[in-house]
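Undergrad: What TrEMBL shows for this protein is this:
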DOMAIN    1-218  domain 'Major facilitator superfamily (MFS) profile'
TRANSMEM  32-53  transmembrane segment
TRANSMEM  68-90  transmembrane segment
TRANSMEM  97-119  transmembrane segment
TRANSMEM  165-187  transmembrane segment
TRANSMEM  193-214  transmembrane segment
Amino acid sequence: MEEIRQEDEAEKAAGFISVVKLFQMRSLRWQLISVIILMGGQQLSGVNAIYYYADQIYVSAGVNTHDVQYVTVGTGAINVVVTFLAVFVVELLGRRLLILLGFSICFTACCVLTAALALQDSVSWMPYLSIACVISYVIGHALGPSPIPALFITEVFLQSSRSSAFMVGGSVHWLSNFTVGLVFPFIQVGLGPYSFIIFAVICLLTTIYTFLIVPETKAKTFMEINHIFARMNKVSEVHPEKEELTDFPPSALEQ
């Protein structure tokens, strides 16, 4: 109840924060940057490209053309199961660790998959390694990059700015999704088996950013998390005074 009271007082001090104001507030700078990086990394890491390429990988490994759709459904089922397990693991291992672990697995899978695709015509067992890479990538993505960013928004933003933060995060998510779907076919034509190097680099950069910047939010209250970011943003208060009141003289405010 005390935590709820503190958050309520902070909400009254901050007021509603629009999307435009969200980008202008120094006290929310690193929260917003982190959401953009995580949401962008979630889609630009190539999860949809993996599914786009999966059918070709399965066929090259010897899967019957008529059975590929069932194997793809099985891959999607693995995604669902691992995401379901992540719900229970997230409170045990923490959000930050799952993001780091997930993106690291995706980075490794993309690198190995690139080598496997490049060598699949000369090495007989490479197609099977490609299948293992696809499944490993799906597991890694479902552990952290898929579910955690949305949870992260709810924990690093208070009610006054949370809806606007979700607007930004959702926009970045779908714009990134659209970009990958639009650009990947051209990347595939141009780079062939080396297409996933681009996604590997994005996974690596997101991992580095998370390791250096994103704090652990497990077992912390909203106010404790806000204080952590207040120090990162170098502001003295969790919620600075309303900016629209700063232009009024003290006498006007007293009235």
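The backbone N, Cα and C atoms fix where each Cβ goes, glycine too.
Values in this document were obtained by computation on a predicted structure and should not be read as measured data.
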Undergrad: Restricting to the same chain and to residues at least six past its boundaries, which positions have a Cβ under 8 Å from a Cβ of the transmembrane segment (193-214)?
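TA: Distant contacts of the transmembrane segment (193-214): 30, 33-34, 37-38, 41, 44-46, 49, 53, 96, 99-100, 103-104, 106-107, 110-111, 113-114, 117-118, 120, 145, 152, 184, 187, 232.
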Undergrad: Using Cβ atoms and a strict cutoff of less than 8 Å, what residues sit near the transmembrane segment (32-53) while being 6 or more residues removed from its termini?
TA: 22-23, 72, 75-76, 99, 103, 106, 110, 134, 137-138, 141, 145-146, 148-149, 152-153, 156, 165, 168-170, 172-173, 176-177, 179-181, 184, 188, 195-196, 198-199, 202-203, 205-206, 209-210, 213-214
